């Protein structure tokens with residue numbers, strides 16, 4: 001688009017950050033005019049600009065996490081049409097999990113509860129490089145019979161090494177499951193070996209820590225307890241105020257029954 005070409009370098013750096021994986025922006029897939037297009041929610045973009053990863057960038061507009069500077073920056077970027085506000089409708093298919101229909105709205109403004117569709121794909125050099133690499137791999141596979149004997153033997157060893165790593169990973173997964181079941185019975189709540197093995201983290205972080213207890217997540221009851229204590233304090237204050245506003249002298253009740261209490265003098269007649 002022409003408006004995107006008019007964007008200053010600082011704004012383009014912000015857009016490239018949001019389109020990258022380091023921003024943590026959660027993109028969803030919708031259907032716009034029959035074609036798939038990614039979109040995001042406003043509060044997700046605000047959170048990305050307030051993250052420490054954005055604070056480390058250079059040649060970008062400053063953002064203060066304690067005010068609305070991130071929201072104002074995103075609102076000013078609407079004029080360059082990198083993303084536009086859309087309304088989200090019903091699912092495009094018969095299933096409820098199919099991508100939902102989205103439609104661009106005439107009134108463009110930025111808010112945390114609105115949705116915005118991307119009209120900028122970012123840098124395409126990775127796509128082009130991946131396409132060239134894919135073609136090269138296919139050609140190399142087709143021409144495998146023409147390879148020299150040393151290259152074919154090396155490829156065989158590499159393939160065996162790859163299969164060995166896959167088998168080792170499967171064996172580790174089975175072993176950690178068996179070990180967890182044993183510890184679940186012998187030492188409840190059980191121990192997981194490499195608890196982050198299947199988590200969405202890096203390769204090294206998948207093996208850190210080496211083991212951990214299978215503890216349930218902590219329940220959020222602090223707020224409820226605090227509210228209960230505040231109610232007790234209010235009731236106590238109300239009781240003290242009522243007792244302070246009551247009679248100064250307590251009312252003595254006569255003892256029940258016919259018995260009478262008489263005072264006996266110290267001196268006899």
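From the backbone N, Cα and C atoms, a Cβ is placed for every residue, glycine too.
Remember, TrEMBL labels are computer predictions, not curated facts.
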Next item on the list: Examine the ranges 73-92, 93-112, 153-172 and name the one recorded by TrEMBL as transmembrane segment.
Entry: 153-172
Notebook entry, point to check: Which one of 51-68, 177-194, 195-212 shows up in TrEMBL as transmembrane segment?
Noted result: 177-194
Checklist line | Which range of 8-27, 28-47, 128-147 is transmembrane segment, per TrEMBL | finding: 128-147
